[in-house]
Structure formats: C-alpha cells, structure tokens
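What Swiss-Prot records for this protein:
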type	residues	note
BINDING	GLN207, GLN476	ethanolamine binding site
BINDING	GLN476	choline binding site
MOD_RES	SER542	phosphoserine
REGION	1-43	region 'Disordered'
TRANSMEM	93-117	transmembrane segment
TRANSMEM	136-163	transmembrane segment
TRANSMEM	166-185	transmembrane segment
TRANSMEM	193-221	transmembrane segment
TRANSMEM	227-252	transmembrane segment
TRANSMEM	271-300	transmembrane segment
TRANSMEM	337-367	transmembrane segment
TRANSMEM	372-400	transmembrane segment
TRANSMEM	403-425	transmembrane segment
TRANSMEM	429-458	transmembrane segment
TRANSMEM	467-492	transmembrane segment
TRANSMEM	496-518	transmembrane segment
Amino acid sequence: MARPDDEVGPAVAPGHPLGKGYLPVPKGAPDGEARLVPQNGPEALNGGPGLGPLIAGAQGGPQALIAAEEETQARLLPAGDGEDVPCPACPPRTALSPRRFVVLLIFSLYSLVNAFQWIQYSSISNVFEDFYEVSPLHINWLSMVYMVAYVPLIFPATWLLDTRGLRLTALLGSGLNCLGAWVKCGSVQRHLFWVTMLGQILCSVAQVFILGLPSPVASVWFGPKEVSTACATAVLGNQLGTAVGFLLPPVLVPALGTQNSTGLLAHTQNNTDLLAHNINTMFYGTAFISTFLFFLTIIAFKEKPPLPPSQAQAVLRDSPPEEYSYKSSIWNLCRNIPFVLLLVSYGIMTGAFYSISTLLNQIILTYYVGEEVNAGRIGLTLVVAGMVGSILCGLWLDYTKTYKQTTLIVYVLSFIGMLIFTFTLNLGYIIVVFFTGGILGFFMTGYLPLGFEFAVEITYPESEGMSSGLLNTAAQILGIFFTLAQGKITTDYNSPEAGNIFLCAWMFVGIILTALIKSDLRRHNINTGLTNIDVKAVPVDSRVDPKPKVMVSIQSESSL
C-alpha cells in the first residue's frame with residue numbers, strides 16, 4: 001500500500017483497500033493532471049475528477065472500487081517528474097551527504113572563536129581592570145554586551161535565517177566575528193577601552209547569527225539517528241571556545257607586578273609595555289584564526305544537501321514557500337504551553353551558567369588570592385566536563401528519544417552540583433573546587449543541547465531557528481539579570497556563597513517548570529510513522545519552483 005510519507009509510493013495490489021486520504025488514479029494518467037485531494041472533500045465524495053463509474057461515493061465517505069485490474073491502478077503520484085514504476089526502482093527519497101561533517105566542523109570552529117572572544121576578558125578580569133584602569137563592572141559589561149545585543153537582534157536574525165537560509169546566516173556570523181577580532185587589535189593602549197568595547201560589540205552581533213544555528217544545521221544536514229549527536233557537537237564547539245577562553249588568556253597574558261594598597265597591580269613602564277605586548281599577541285592570534293575560518297566558510301559552507309536527510313525534512317521541503325508566515329510562527333510558539341515552560345526553564349539554567357562563567361574569576365580569587373591561572377583552569381574543567389556531558393546526552397537522546405526524562409534528570413543533577421560547588425568553595429582546598437566545578441559543568445553545560453533538541457521536538461514543524469532563537473533570548477535576558485544580581489549580592493555580602501544560593505533558588509524553580517512540560521515528540525513521530533499525516537491539498541504551482549508540491553497537514557495522535 002502506498003504510504004503518505006513516500007515520495008513515489010508503490011502500486012496498491014489489486015483487491016487491497018486504498019490508504020487513508022487517497023483516491024485511485026487511472027493507469028497512465030499524466031502526473032501533472034492527477035491530483036491528491038482531501039479526504040471527505042467534495043471531489044472525493046463525488047468520485048474524483050475523470051474517474052467516472054470507477055468510484056461510487058457513499059454518504060459516510062468515498063468507497064474505492066477497482067473496476068478492472070488491467071485498466072486501473074491505485075498509486076501515489078510523485079511530487080515531481082517521474083515515471084510510473086514500482087517503488088524498488090525509484091531513487092531513494094532521503095540520503096546523507098558526506099559534506100555534512102565539513103559543514104558541522106566549520107560551524108563548530110567559528111562558534112569556538114566567538115565564544116573565546118566572549119570570555120577572554122572575564123577569565124583575567126583583574127589584569128584588564130588594571131590595564132584599562134576601569135572598574136570590575138566595566139569588565140563584566142564586556143561579557144554582558146553579548147547578552148544585551150542578542151535580545152533586540154534575534155528576531156531579524158531569525159527572519160534572515162528562515163527567509164535567506166543557513167549559508168548567508170553563517171557568512172554573517174563568521175564575517176562579523178572576524179571584523180570584531182581585527183577591531184580589538186587597535187585597542188591595545190590604556191586609554192582605548194572604548195575601542196575594545198566596540199570590537200566586543202561586533203563580536204556580540206556575530207553571536208546572534210551563531211547561537212541559534214546548532215539545531216538548524218543538525219536538522220538540515222543529519223539523519224534522524226544522528227541529529228541529536230550533531231546538535232550536541234555543534235553546541236560543543238561553543239563550549240570548547242569557552243574552555244579555551246578560560247585556559248589561554250591567563251597563559252598568554254599573565255598578571256605582572258605586585259598589588260598596591262588599592263588591590264590593583266602596580267606596574268612599572270616596562271611591565272606595562274610587556275602586558276600590552278602580551279595582549280597584542282592574543283588579539284592578533286584571534287584575528288588571524290577568525291580570518292581563516294571566514295574564508296573557509298565562504299568556500300565550503302553550503303546551504304543544504306541535495307536530498308533531505310530525514311522524512312521530517314522531506315515533508316518541510318515539500319511544503320510551498322507561500323505557506324510560511326514569520327508572524328504566525330512566533331504566535332504558534334507563544335501559544336505552545338510546553339514550549340513556553342521550556343523557554344523559561346532553559347533561560348534559567350543557561351542564564352545561571354553565563355553568570356557563573358562571567359564571575360568565576362572573581363569568585364575563585366575571593367577565597368584563593370593570586371590563583372588567576374588556577375581560576376582559569378577551573379573554568380576550563382567546568383566547560384570540558386560539560387562538553388563530555390553534551391556529547392553523552394546527545395548520544396543518549398539519539399538512542400532512547402527520552403527527551404523530557406533526560407532533561408529533567410540533568411536539571412536536577414545540575415541543581416545538586418550547584419549546591420555542592422557553593423558549599424565547598426571555602427574549604428581552603430583548591431583541588432576540591434576543581435572536582436566540584438567539574439561536576440557542575442558536566443550537568444549544567446550538558447543541558448544546553450538537550451534544551452535545543454527538546455524544543456525542536458515539541459514545536460515541529462515550526463522553524464528550528466525560531467525555537468532556538470527564542471531559547472537563547474530567554475537565556476541572554478536572564479543571564480544579564482543573574483550576572484548583575486549575583487555580582488551585587490556577592491559584593492554587598494562579601495561572599496560568593498550568597499550569590500550562588502541566589503542562583504540555586506532560581507534553578508529549583510526551573511526544575512518545577514521542567515516537570516510540568518508535556519512531552520509531545522512531533523518530529524520523532526513523523527520520522528517513525530507514529531503521526532497521522534493526511535494529504536489534504538492538490539499540487540501547488542510555486543512561483544519559485546515549477547514542479548508540483550504536496551502540502552501536508554500533521555495531526556499528532558500520540559503524546560509520548
């Protein structure tokens with residue numbers, strides 16, 4: 001029997017009933033003239049066009065009668081040009097492109113550099129405070145500008161992704177990242193803090209075109225058995241950049257001189273020149289790498305593979321472009337209660353991670369004076385452990401498809417990890433902080449791809465870029481709030497524990513919201529055939545593509 005998700009269905013064996021939603025088509029009828037019509041529609045009830053006495057319509061629905069097996073054959077017509085041949089002779093509808101690994105690697109690398117530029121100031125905040133002669137709040141804003149820029153720009157960036165595609169979005173992200181890196185190279189003088197801020201603003205705009213791409217890249221290029229792992233790998237690139245941002249700056253730009261009575265570093269002229277040289281080395285190295293990756297993006301990053309990698313992507317490709325509405329997509333997501341709950345809970349978790357990452361150097365140095373290098377290494381441990389968690393979570397999702405259960409368990413374990421990290425900071429053993437930071441990072445950072453993939457599942461067939469963009473918007477807004485609030489609480493009470501407890505309270509709220517999410521795995525149901533698909537429209541002649549297209553309505557009948 002022909003199936004709705006087949007591009008070219010096999011002929012129905014004589015004497016067997018037709019599939020739901022299909023009418024028999026006379027053998028030899030031209031593909032461009034025959035149509036798929038709605039079940040219970042007027043043409044279906046009247047026997048369909050051009051079928052004459054072959055079909056008798058009853059009041060309860062059309063009854064397909066094959067008058068002569070030699071003369072008539074029931075089949076599902078192909079979406080484009082094709083011959084009436086059995087399914088085994090047809091080309092496969094879906095296929096995996098070897099280029100998918102190249103695209104994923106390029107994206108992960110320039111995402112890595114962008115994340116490195118985000119955290120490179122905060123990981124040695126005391127050094128930059130003294131070099132530019134500014135307050136800790138100024139350095140914190142070099143991190144928070146990433147969050148501020150994201151909120152107003154995510155909607156035009158998402159519109160661009162949905163209307164112009166992956167390639168242009170990738171070029172903008174990589175290009176602006178490169179431009180920002182070069183601007184910073186001109187800021188290595190003590191009175192040019194505003195120039196380094198300008199470069200950071202450009203990098204923060206680039207981030208808008210980067211953070212929302214893991215899910216679209218994974219969905220467009222990877223098959224259903226590897227999509228979660230691919231998304232986790234794409235997120236991994238960003239996490240690795242954060243890890244490198246904690247590791248390299250303390251090594252490339254070590255603190256020089258001795259502290260004076262104000263707590264700032266007292267520099268001689270020679271020390272200042274050496275510090276400027278070290279900062280220059282870091283900035284120029286970043287700029288050269290960013291330039292190389294930008295040219296690599298131009299050469300090798302393609303829009304999409306020749307054939308869709310999954311049935312879910314094939315259905316979306318068959319939908320005519322006229323059917324997509326940006327405003328309707330936003331409205332549909334806002335009315336999706338499970339997505340709204342995930343939106344807030346994801347924002348809490350990721351915002352807490354942003355706050356911890358931004359303030360980690362200040363938190364560690366409160367208890368362990370002079371341990372700038374180890375503070376960076378603790379940040380590295382936190383992120384590397386999270387990278388391992390991300391990959392394991394992605395593999396687990398591809399194997400089990402237990403999105404809600406996994407998300408909830410990881411959320412609870414992140415909360416427990418945060419409590420352990422908070423109440424072991426003041427023990428006086430920095431090795432303990434390494435260990436507890438690793439536990440915290442494994443679960444907190446490992447949660448990030450879970451949120452992306454869970455959102456795509458419960459919002460399909462809405463744009464992956466839209467759902468990812470809204471998740472990141474919530475994360476940026478709450479990241480700004482948490483960073484400012486935690487920083488002030490830590491300063492007022494002179495205790496990082498108070499600020500961490502503030503984050504723990506919010507994470508507990510996130511656990512409750514996650515538990516309330518209804519798990520309706522729409523994309524998974526399409527790929528496994530658990531969702532009822534009714535072909536309910538005739539082929540559409542698009543102004544863009546002259547080939548007929550089939551419009552599909554998805555009706556989910558199960559909630560896993």
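Glycine too: its Cβ is placed from the backbone N, Cα and C atoms.
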Lowest local Cβ density among GLN207, GLN476, which the record lists as binding-site residues, within 10 Å: GLN476
For the transmembrane segment (193-221): best-contacting stretch of 166-185, 227-252, 372-400, 467-492, by Cβ pairs under 8 Å: 166-185
Contact call for the transmembrane segment (271-300) against the transmembrane segment (93-117), three or more Cβ pairs under 8 Å: yes
Cβ-Cβ under 8 Å with the transmembrane segment (227-252): same-chain residues at least 6 beyond its ends: 100, 104, 107-109, 111-120, 123-124, 210-211, 213-215, 217-219, 221, 278, 281-282, 285, 310, 357, 360, 372-373, 375-380, 382-384, 386-387, 390-391, 393-395, 397-398, 445, 448-449, 452-453
Which of 136-163, 337-367, 467-492 contacts the transmembrane segment (403-425) most, counting Cβ pairs under 8 Å: 337-367
Same-chain residues near the transmembrane segment (496-518), Cβ under 8 Å, at least 6 residues beyond its ends: 337-338, 341-342, 344-345, 348-349, 352, 355-356, 359, 362-363, 366-367, 404, 407-408, 411-412, 414-415, 418-419, 421-423, 425-426, 454, 458, 478, 482, 485-487, 489-490, 559
Contact set, same chain, for the transmembrane segment (372-400): CB under 8 Å, 6 or more residues outside the stretch: 119, 123-124, 126-127, 225-233, 235-236, 239-240, 242-247, 249-251, 254-255, 356-357, 360-361, 364-365, 406, 410, 430, 433-434, 437-450, 453
Distal contacts, the transmembrane segment (429-458) - CB-CB under 8 A, six or more residues away: 214-215, 219, 227-228, 231-232, 234-235, 239, 336, 338-339, 342-343, 346, 349-350, 352-353, 356, 364, 368, 371, 374, 377-379, 381-390, 392-394, 397, 403-404, 406-407, 410-411, 413-414, 417-418, 420-421, 464, 467-468, 471, 517-524
Sequence-remote partners of the transmembrane segment (93-117) [C-beta within less than 8 Å, at least six residues beyond its ends]: 6-8, 170, 173-174, 177, 180-181, 184, 200, 203, 206-207, 210, 213-214, 217-218, 221-223, 230, 233-234, 236-242, 244-245, 248, 286, 289-290, 293-294, 296-297, 300-302, 305-311, 313-314
